[in-house]
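Just below is one structure, and these are the notes that go with it.
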Amino acid sequence: MKVRSWTACDMDELCRMTKVYGFDLDNTLASSKQPMKPAMIERFSALTARTEVALISGGSMDVVTSQVLDVLDGTADRTHLHVMPTSGSRYYRWNGSAWALVYSHDLDPDTVATVESSLERHAKELGLWEERVWGPRIENRGSQITFSAHGQYAPVEVKRQWDPDNRKKQALAEAVRADLPDLKVRSGGYSSVDVSLNGMDKAYAVRQLASALGIETWDILFTGDRMTPGGNDYPAVEAGARGVSVTDPEDALGLMDALLARLP
């Protein structure tokens with residue numbers, strides 16, 4: 001199934017059919033590990049004041065908080081916001097004073113140790129253990145372990161240029177997958193590989209969201225920058241959500257304006 005750019009879609013029809021607007025975070029709403037820019041803060045906050053919005057990210061809750069939740073402006077309605085970090089293996093709702101955990105599926109300590117060992121060993125064997133890093137190469141996000149070749153906080157351009165054809169990530173994912181047949185190992189962002197419990201991906205997230213809200217998955221419109229088969233946003237579409245693609249946060253800003261122009 002090919003996911004089209006939002007600019008090629010009938011936005012009037014999409015808005016008529018959509019009950020929840022879901023978004024990826026990194027390279028969709030904001031640059032990787034960076035807070036949303038002021039223009040996006042304004043649009044995203046305004047969107048939550050008008051409709052139900054879901055944030056489904058591969059990042060940890062701490063990262064989601066720093067990039068989005070801590071920068072929302074006074075127009076935002078947090079009760080309309082569904083926060084699903086680590087690809088939906090955690091789910092948070094606003095309780096009036098704080099973000100309350102609805103559910104979580106965390107990896108146990110023994111599994112965490114096994115995953116971290118496999119990632120490090122195979123990255124070194126494949127020559128992917130880069131010397132220059134920005135932050136930890138391997139991050140325990142509770143319900144997901146993520147390997148980032150140049151570290152969690154590497155500049156976006158460094159991440160983007162590291163593996164333009166995805167061969168490095170695929171090689172590492174295949175090697176680690178052989179060690180961990182009972183876990184889900186997948187290519188993440190530009191330079192990352194994610195390991196989680198089987199079934200914990202954005203398909204799971206949209207199914208859980210639909211169940212929680214008493215709607216169907218096709219009532220959800222999900223937007224991301226990695227919307228081709230194998231991309232970490234694509235499982236949302238495989239689960240039945242309608243999808244549109246964006247190239248970067250600037251492109252997503254145009255989508256936001258199109259949505260806000262059509263929503264009451």
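Cβ coordinates are placed from backbone N, Cα and C, and glycine is handled just like the others.
The active site, nucleophile annotation in TrEMBL covers Asp24. With a cut-off of 8 Å between CB atoms and residues at least 6 apart in sequence, the same chain places Ile56, Ser57, Phe222, Thr223, Gly224, Asp225, Arg226, Asp233 near Asp24 (active site, nucleophile), listed in sequence order. DSSP assigns Asp24 (active site, nucleophile) to coil in the three-state reduction, outside any helix or strand.
Per TrEMBL, the feature Mg(2+) binding site maps to Asp24, Asp26, Asp225. Taking the Cβ of Asp26 (Mg(2+) binding site) as reference, residues of its chain lying under 8 Å away and at least six apart in sequence are, in sequence order, Ser32, Lys33, Ser57, Gly58, Gly59, Gly189, Asp225.
What TrEMBL records for Asp26 is active site, proton donor/acceptor.
The feature alpha-D-mannose 1-phosphate binding site is assigned by TrEMBL to Arg141, Ser192, Asp194. When secondary structure is read from DSSP and collapsed to three states, Asp194 (alpha-D-mannose 1-phosphate binding site) falls in the strand class.
Cβ atoms within 8 Å of the centroid of the Cβ atoms of Arg141, Ser192, Asp194 (the alpha-D-mannose 1-phosphate site) belong to the same-chain residues Gly58, Gly59, Thr86, Glu139, Gln144, Ile145, Thr146, Phe147, Ser148, Gly188, Gly189, Val193, Val195, Ser196, site residues excluded. Other Cβ atoms within 10 Å of the Cβ of Ser192 (alpha-D-mannose 1-phosphate binding site) number 26 in total over all chains. Those same-chain residues not listed among Asp24, Asp26, Asp225 yet with C-beta within 8 angstroms of the centroid of the Mg(2+) site C-beta atoms are Leu25, Asn27, Thr28, Leu29, Ser57, Gly189, Gly224, Arg226, Asp233. Its Cβ placed at the centre, Arg141 (alpha-D-mannose 1-phosphate binding site) has 23 other Cβ atoms within 10 Å.
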